[in-house]
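Below is one structure, written out as structure tokens; the observations come after it.
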Amino acid sequence: MGSISHSIGPKLGFHHQVSHCSPGLFGLSRGKFLSLSSRKHFGRIHASIDVKDGRKIEVIDFSDPDWKLKYQADFEKRFNLPHITDVFGDAVPIPSTFCLRMRSPVSDVFPGVYPSDEEWHGYINNNDRVLLKVINYSSPTSAGAECIDPNCTWVEQWVHRAGPREKIYFKPEEVKAAIVTCGGLCPGLNDVIRQIVITLEIYGVKKIVGIPFGYRGFSDKELTEMPLSRKVVQNIHLSGGSLLGVSRGGPGIGEIVDNLQERGIDMLFVLGGNGTHAGANAIHNECRKRRLKVAVVGVPKTIDNDILLMDKTFGFDTAVEEAQRAINSAYIEAHSAYHGVGIVKLMGRSSGFIAMHAALASGQIDVCLVPEVPFHLHGPHGVLRHLKYLIETKGSAVVCVAEGAGQNLLQKTNATDASGNIVLSDIGVYIQQEMKKYFQELSTPVDVKYIDPTYMIRACRANASDGILCTVLGQNAVHGAFAGYSGITVGICNTHYVYLPIPEVISHPRILDPNSRMWHRCLTSTGQPDFI
């Protein structure tokens, strides 16, 4: 389960940068510290070494007295936002047509100049920044520490604040905007679509279309674009799913950009996960190569919450809330049965955020299993031995497991879905079967109930928290496009909304840190031991 479209990478002609390292890897030769993206997300640094398979290993020399300045300079360079003026140096900005003091719709005919309100102070300055990290760790051994150097030196890292700009680089009456939703379903898709359309209309855009069924809609001649307006999208947020439909995979980048040209699209809003964003970045690069004035803006959509650098992605809060129903049902089933055990499998291919947060929220989970934390089923310290203890002392137990957990215990299928994601074996069914065998050998009766609410959760409408997040993300996506940015995505960082270059958020999935305070809180709640 997830919204990452790995197969689109080779098909669209780009490469993911994947880094590997062990947390807390210090003390390399000549005072160098290998700082790679890892479970502790130490970050990437200014010196690069290219590897044959396309990965990048990056090293920083901490014996250099200016290493901190060089790191900050490199960080600022990497997080600089691609802009229309990078290709069109003569592009002339015009006053923004977005002003909340001007409540009448923008007219079809602009009499010489564009309407503006010099006294409205609701615009974001291009130099506004948001601090990426807010905790000053004093030691790499601190829980959840994210350090750049062995001494955990504090280095300020600033990213661009999102929002409307006073000057824009597109004339609204000339713009044709398109929206596409890729990958799997996720609560909140319709909320984002709705808000993009509404904000575009406030700017004065009249031509807004939806591309049906993901990137496939750019190549399948039987699929026609869907005209969108406020009237069309007014109530779509009251339902789950996607008004435009979703699909995985898609045609090549060249074909997509050819289609953009044929349709006359000036702005493309792409809703999807890591793979979809990688495709959006490739589309952005191809448009620049062809010198096309097209703004490509992503909105990160992954129910697994596995996008780098962001507090959370839309759909995650709803997934955690909906998971409570399944967990409560499993608890009631287990608690009502003689030696009852409830097993709930939740989404999370490579990250266990949903399982962890659902366990914390419910207070009914005895064992929480996630992909980032290895475990044994059998043996004196295994999960089954602990379940035996729970049955003996409590009379029942509830297990919450992420779908990507314990895959090393299962036989690999070698099969992939349309996005190139490996089809995972069902860890929930495996645990259920092994549990029955284990207790049968002990001649102890158990009543095991297994619940998989995956598709029920994906298809539901967004809750209030996600509804707000989707609304702001949709608005800021439009603001970013009109400001002339392209090849960017929008997100929430330390409770503030930001723009980030797409390559910085797609290098690898964000994963749960087993040494984080949140995971420690989960362990405190469940009372589970280490299963190794």
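Cβ atoms are placed via backbone N, Cα and C, with glycine included.
Bear in mind that TrEMBL entries carry predicted annotations, made automatically and left uncurated.
Residues annotated as active site, proton acceptor in TrEMBL: Asp304. The ATP binding site annotation in TrEMBL covers Gly184, Arg248, Gly249, Gly273, Asn274, Gly275, Thr276. The feature Mg(2+) binding site is assigned by TrEMBL to Asn274. TrEMBL lists Thr302, Ile303, Asp304, Met347, Gly348, Arg349, Glu403, Tyr455, Met456, Ile457, Arg458 with the feature substrate binding site. Feature annotation from TrEMBL assigns domain 'Phosphofructokinase' to 177-479. Annotation source TrEMBL lists site 'Important for substrate specificity' at Gly275.
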Considering only the recorded positions Gly184, Gly275, Asp304, which residue has the minimal Cα-Cα separation from Arg458 (substrate binding site)?
Gly184
If I take the alpha carbons of Gly348 (substrate binding site) and the residue listed as 'active site, proton acceptor', what is the distance between them in whole Å?
5
CA pair Gly275 (ATP binding site) / Asp304 (active site, proton acceptor), Å rounded to integer, equals 14
Relative to the Cα of Gly184 (ATP binding site), which of the recorded positions Thr302, Asp304, Glu403, Met456 have a Cα no more than 10 Å away?
Thr302
Report the member of Gly249, Gly273, Met456 (the binding-site residues) whose C-beta atom has the most other C-beta atoms within 10 angstroms.
Gly273
The predicted model's mean pLDDT over the domain 'Phosphofructokinase' (177-479) is 95
Nearest recorded site to Thr302 (substrate binding site) by CA-CA distance, among binding-site residues Arg248, Gly249, Gly273, Asn274, Thr276:
Gly273
Within 10 A of the CB of Thr276 (ATP binding site), the number of other CB atoms across every chain shown is 31
